Amino acid sequence: VVVICLKMLTLMVETDEQSDEKDLILHYINFVFIIIFLVEFLLKIIALGRHYFSDYLNILDFVVIIVSIVGMFIYDFLQKYLISPSFFPVLRLARISRIIPVIPWLVAFVLSLPALFNICLLLFLLLFTYSIFGMFTFAYMSNEYKLYFFESFGSSMMCLFTMTIATGWDSVLRPILNTPPDCDPYMQNPGSTVIGNCGSPTLGIIFFSSYIMLSALLVVHMYIAVVLETFNMDDTENLSDNELQMFYKTWRMFDTDGSQVIQYSQLSDFCDTLQGPLRIPKPNTIKLIHMDLPLLPGDKIHCTDILLAFTAEVFGDSGPRDALKARIEEKFMTNKLPKLSYEPIGSTLQRKQEEVAAMVIQRAYRKHVLQDRAVEATAADPVWFLQLSPGPPPGAESVQCGSTSVSGPPSGH
């Protein structure tokens, strides 16, 4: 993020008519940034391999790097007809979503689009009705601004659309309030039987007051209300009934006896079988370990823990889970089933740590056993050991026979 912010600073110092020296310096600075991003890309490719492209942010980084490298060779063409290639690295600021949870906001906005579409239709109907009325009523009034008025249907729509947020309505209302001597009530309008270009103050005030109340106070506020209502929904509402039903049907495939738990060894297949946003496709072992799901006796995992963890992974974990637990109990808990004793004895992360520790201990013990066997083999067959060793073995006694020194094993062998 720091490098991207520095890249933004270099874009801020660019001017329209900058000198050749400044242009050259900025070009080399941009080249340094591309090298840094390229090194980061190569290190991630080496570390993650084919899993690098499983993250949408990594795909964005890859596209930015490719465009930046290609842009170095066709810089003039892109800058003239499209956009400056030096701007693309700034798109990497999307990585800030790792720190700031903006994904739930975007999801909430997307979920509110159907309601917003209905409000758009209501706003269009309001614009259409008032545009027709304004065009037939105020088309020939004197307008000194000559920008958007009610001369045609298109200009009427644009005029009212700019007034939807209650901005600039006074400049449009002013010509309608004109009365003699500011206008000519006997003026002939070519191509029309309408005489005069004076306004109608009473009708104009009623027209604009009603439109502003209906558009700004009703339609626009309905937009805001729908979006805010979706944003302020409890996290449990993010999980729709269809998704909960899909989870329940998939769960029954693995929990055939209705015990509300599955084996830890089935968790990976269960996650891959799910559909929609709750699905975690294979390979999913590492992600499931980091979820740190509670383990029950017998290496079993409860359905509530799985669904809560998956919901937090997809929609974020920023609110209470009581309502979601109640919905889960309504689906899974029946009066015919006894209440399961819920006493976790560990977690998936702890289990993985224990497995890794056991592998390390087994490896060390295996090495120790091999060393002991080598020592026993040496003690049982010293000639074999002498054949393998370049010199006398440790502890061998040296016996002097006249002028000849003879080395042999210690006494007692």
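Positions of Cβ are set from backbone N, Cα and C atoms, glycine also.
The compositional bias 'Polar residues' feature in TrEMBL is assigned to 400-413.
Remark: secondary structure over the domain 'EF-hand' (242-277) totals 25 helix, 3 strand, 8 coil, with classes taken from DSSP. Look at TrEMBL and you will find 242-277 tagged as domain 'EF-hand'.
Annotation source TrEMBL lists region 'Disordered' at 394-413.
The transmembrane segment annotation in TrEMBL covers 28-47 (among others).
Taken from TrEMBL, the feature transmembrane segment applies to 59-78 (among others).
For 99-117 (among others), the entry in TrEMBL reads transmembrane segment.
Taken from TrEMBL, the feature transmembrane segment applies to 148-169 (among others). Distant neighbours of the transmembrane segment (148-169): 123, 127-128, 130-132, 134-135, 137-139, 141, 175, 208, 211-212, 215-216, 219-220; these residues of the same chain sit at least 6 beyond its ends, with a Cβ under 8 Å from one of its Cβ atoms.
Here TrEMBL flags 205-228 (among others) as transmembrane segment. For the transmembrane segment (205-228), same-chain residues at least 6 beyond its ends with a Cβ under 8 Å from one of its own Cβ atoms are 108-109, 112, 115-116, 119, 122-123, 126, 130, 133-134, 137-138, 160, 163-166, 169, 172-173, 176.
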